[in-house]
């Protein structure tokens, strides 16, 4: 909420990256709200969060939608940062405000379509064979369909984009060294990108890998709810807490650090065009 109100109060939403940051904060807000909703259901009636019921479909669907939107936002931010850095070297495509708005709309549309499939009938309220033990009344095949591709997306795309940013900055630094120019600014930007990308990877690993492991365990498990109580459900609650930690870590990693990094990279683009032109002359 602090991120959203700050963005709106400072009228900073004309920048494409600011739109993505604000949308990421909205996704984290929905994740926290849906997690709180599930927690209240657990407090008032713990059995329905273990054995499943019709009342769990709506909060689980909102929770899934929020997590998917967060993943798509993180991927979009990584791609936008890569295009912002690579634009002055290899491509003339520039991410504008309309592009960011379109990405926000598409990410939420896709998240709602995938997250609300259980509300449209893909649930196991009637069929008991493929029901999820950890997330009843979701079906195991739905959880596998949703979790595995999106977790892979959350890991691979940021890996590619931030590594490419580091490689581009290193190439620019080598060109500056060949021209006899100072490279301290490029070295500082490269170090900051490396630190931020490592932090992003660690946060994603800690947050989503246990949840993905729980889904795989759920798919391979053949035992009933009572056989897994309470250990499996303690693990499920811990994975939910780790995802909530992501909602707290995203503003620190993206809104605070990458905002300064984005300004630095923007300045570097202007400097690199001038210096490389002078070097070639």
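Going from the start of the chain as shown, residues are counted 1 onward.
Just so it is clear, glycine is given a Cβ too, placed from its N, Cα and C backbone atoms.
Database features, via TrEMBL:
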- 1-254: domain 'G-protein coupled receptors family 1 profile' (DOMAIN)
- 17-40: transmembrane segment (TRANSMEM)
- 60-79: transmembrane segment (TRANSMEM)
- 100-122: transmembrane segment (TRANSMEM)
- 142-167: transmembrane segment (TRANSMEM)
- 200-220: transmembrane segment (TRANSMEM)
- 232-256: transmembrane segment (TRANSMEM)
With an 8 Å cut-off on Cβ pairs and a sequence gap of 6 or more, do the transmembrane segment (232-256) and the transmembrane segment (142-167) reach 3 or more such pairs?
no
Close approaches to the transmembrane segment (17-40) from elsewhere in its chain (Cβ under 8 angstroms; 6 or more beyond its ends)
1, 3-4, 7-8, 49, 56, 59-60, 62-63, 65-67, 69-70, 73-74, 76-77, 80-81, 84, 97, 100-101, 103-104, 107-108, 240, 243-244, 246-247, 250-251, 254-255, 258-259, 262
Below 8 angstroms Cβ to Cβ, which residues of this chain, lying six or more residues outside the transmembrane segment (200-220), approach it?
74, 132-135, 140, 143-144, 147-148, 151, 154-155, 158-159, 162, 232, 235-236, 238-239, 242-243, 245-246, 249-250, 253
Give residue numbers and ranges for long-range contacts of the transmembrane segment (142-167): same chain, 6 or more residues beyond its ends, CB-CB under 8 A.
64, 68, 71, 74-75, 78-79, 81-82, 85-86, 114-115, 117-118, 122-123, 132, 135, 190, 193-194, 196-197, 200-201, 204, 208-209, 211-212, 215, 218-219
On the domain 'G-protein coupled receptors family 1 profile' (1-254), the mean of the pLDDT values is 80
